[in-house]
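Undergrad: I'd like to ask some things about the structure below.
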Amino acid sequence: MEREKEQFRKLFIGGLSFETTEESLRNYYEQWGKLTDCVVMRDPASKRSRGFGFVTFSSMAEVDAAMAARPHSIDGRVVEPKRAVAREESGKPGAHVTVKKLFVGGIKEDTEEHHLRDYFEEYGKIDTIEIITDRQSGKKRGFGFVTFDDHDPVDKIVLQKYHTINGHNAEVRKALSRQEMQEVQSSRSGRGGNFGFGDSRGGGGNFGPGPGSNFRGGSDGYGSGRGFGDGYNGYGGGPGGGNFGGSPGYGGGRGGYGGGGPGYGNQGGGYGGGYDNYGGGNYGSGNYNDFGNYNQQPSNYGPMKSGNFGGSRNMGGPYGGGNYGPGGSGGSGGYGGRSRY
């Protein structure tokens, strides 16, 4: 039987004790299945643990079993497991943010709430489902939201970009509120924000501002709660330098969700009007703002220039050698925010 793609079988494990080794990490996670890979990420110079690692199971069902058994505690410390983000997604704004709300695009007129519920309830407990309609005509605007009681169903669903719902191709993404997008953009600008990617140009991984946030030799090690760092074998790394979303980016002034094009909406001008507090309060008016290009090419969702994944290109072996960070500088890049992963 052909094995499922690695991206569906890999977990990022944050918050590891510096005493945790590959052996103890493996011993802990093997209670849910066979591991095909296990690594604790270490500083290439000092060999000191960087406080996170990755485990890869032999099947997605084993990953599901492990995530269903949270919280996890290893060597006396509660760790934070999360489905690893694949390289091609890792640099997109919000890729590492933990949310319980899922955006669903490509909803057709004949798709009702029960279709979404029937499809998505297999992933986890659903709190709410919203299909957005035009306030005047009552027609569906082509998108909606599904909110779960936990972040893991969302993380699992977005591993697969397209889903067939009621016979139609739908695209899924994490739904980020305006505040969450501002935090992402704050981190992108190097101000640190809640994500603490910081500047990171001075090789070694400066995790955001303030004392104690230098991951290499910093006294509090876990990046002052500001994020984790680099990629491993193409997974989970932080954004490549200034290319956090790249250009056109997540609606960064260009186009946005449906911006001027037909998009998924049926009005030919984006999703129109404001909704909730999402995307800068501007799901439309010609753009879906902070969510990225949802134009005629659904794949242009928060694009990032290919190849600019931390400039590392996985040099120096399967774990990316020592060159993990933005622009190939050796900086750390960052893995999401304080407790958002």
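Backbone N, Cα and C atoms are what each Cβ position is placed from, and that goes for glycine too.
What Swiss-Prot records for 190-211, 308-341 is compositional bias 'Gly residues'. Marked as SUMO2 cross-link by Swiss-Prot on the basis of similarity to another entry: Lys10, Lys92, Lys100, Lys108, Lys125, Lys140, Lys156, Lys161, Lys174. If you look up Swiss-Prot, you'll see 9-92 marked as domain 'RRM 1'. As annotated by Swiss-Prot, domain 'RRM 2' applies to 100-179, with the evidence given as sequence analysis. Taken from Swiss-Prot, the feature N6,N6-dimethyllysine covers Lys92. If you look up Swiss-Prot, you'll see Ser137, Ser200, Ser329, Ser332 (among others) marked as phosphoserine. Per Swiss-Prot, phosphothreonine is recorded for Thr164 (among others), and the stated evidence type is similarity to another entry. If you look up Swiss-Prot, you'll see Arg191, Arg254 (among others) marked as asymmetric dimethylarginine. Residues or ranges marked as omega-N-methylarginine by Swiss-Prot: Arg191, Arg226 (among others). Among the features that Swiss-Prot reports, dimethylated arginine is placed at Arg201 (among others), with the record citing similarity to another entry. Among the features that Swiss-Prot reports, phosphotyrosine is placed at Tyr319 (among others), with the record citing similarity to another entry. Per Swiss-Prot, the feature region 'Disordered' maps to 181-341. Residues or ranges marked as region 'Nuclear targeting sequence' in Swiss-Prot (evidence: similarity to another entry): 296-335.
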Undergrad: Can you give me the average pLDDT across the region 'Nuclear targeting sequence' (296-335), rounded to a whole number?
TA: 33
Undergrad: Just how many other Cβ atoms lie inside 10 Å of the Cβ on Lys100 (SUMO2 cross-link)?
TA: 18
Undergrad: Can you tell me which of the recorded positions Lys10, Lys108, Lys125, Ser137 is spatially closest to Lys156 (SUMO2 cross-link)? Compare CA atoms only.
TA: Lys10
Undergrad: Do you know offhand how many angstrom separate Ser137 (phosphoserine) and Lys174 (SUMO2 cross-link) by C-alpha?
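TA: A Cα-Cα distance of 28 Å.
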Undergrad: Which residue, of the recorded sites Lys92, Lys125, Lys161, Lys174, has its CB surrounded by the fewest other CB atoms within 10 A?
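TA: Counting other Cβ atoms within 10 Å of each of the recorded sites Lys92, Lys125, Lys161, Lys174 gives the minimum at Lys125.
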Undergrad: Looking only at C-alpha atoms, tell me how far Lys10 (SUMO2 cross-link) is from Lys100 (SUMO2 cross-link), rounded to the nearest Å.
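TA: A Cα-Cα distance of 20 Å.
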Undergrad: Which of the three DSSP-derived classes (helix, strand, coil) applies to Lys92 (SUMO2 cross-link)?
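TA: In three-state terms, Lys92 (SUMO2 cross-link) counts as coil.
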Undergrad: DSSP-wise, what's the residue breakdown of the domain 'RRM 2' (100-179) into helix, strand and coil?
TA: 16 helix, 34 strand, 30 coil
Undergrad: Can you count the other CB atoms that lie within 10 A of the CB of Lys10 (SUMO2 cross-link)?
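TA: There are 25 such Cβ atoms around Lys10 (SUMO2 cross-link).
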Undergrad: Given the recorded positions Lys92, Lys100, Lys140, Lys161, Thr164, which lie close to Lys108 (SUMO2 cross-link), meaning Cα to Cα within 10 A?
TA: Lys140
Undergrad: So for Thr164 (phosphothreonine), how many other CB atoms are inside 10 Å of its CB?
TA: 10
Undergrad: In whole Å, how far does the CA atom of Lys174 (SUMO2 cross-link) lie from that of Thr164 (phosphothreonine)?
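TA: The Cα atom of Lys174 (SUMO2 cross-link) is 17 Å away from the Cα atom of Thr164 (phosphothreonine).
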Undergrad: Could you state the CA-to-CA distance between Lys140 (SUMO2 cross-link) and Lys100 (SUMO2 cross-link) to the nearest Å?
TA: 23
Undergrad: Given the recorded positions Lys92, Lys100, Lys161, Thr164, find the one whose Cα is closest in space to the Cα of Lys125 (SUMO2 cross-link).
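TA: Checked the recorded positions Lys92, Lys100, Lys161, Thr164; minimum Cα distance to Lys125 (SUMO2 cross-link) goes to Lys100.
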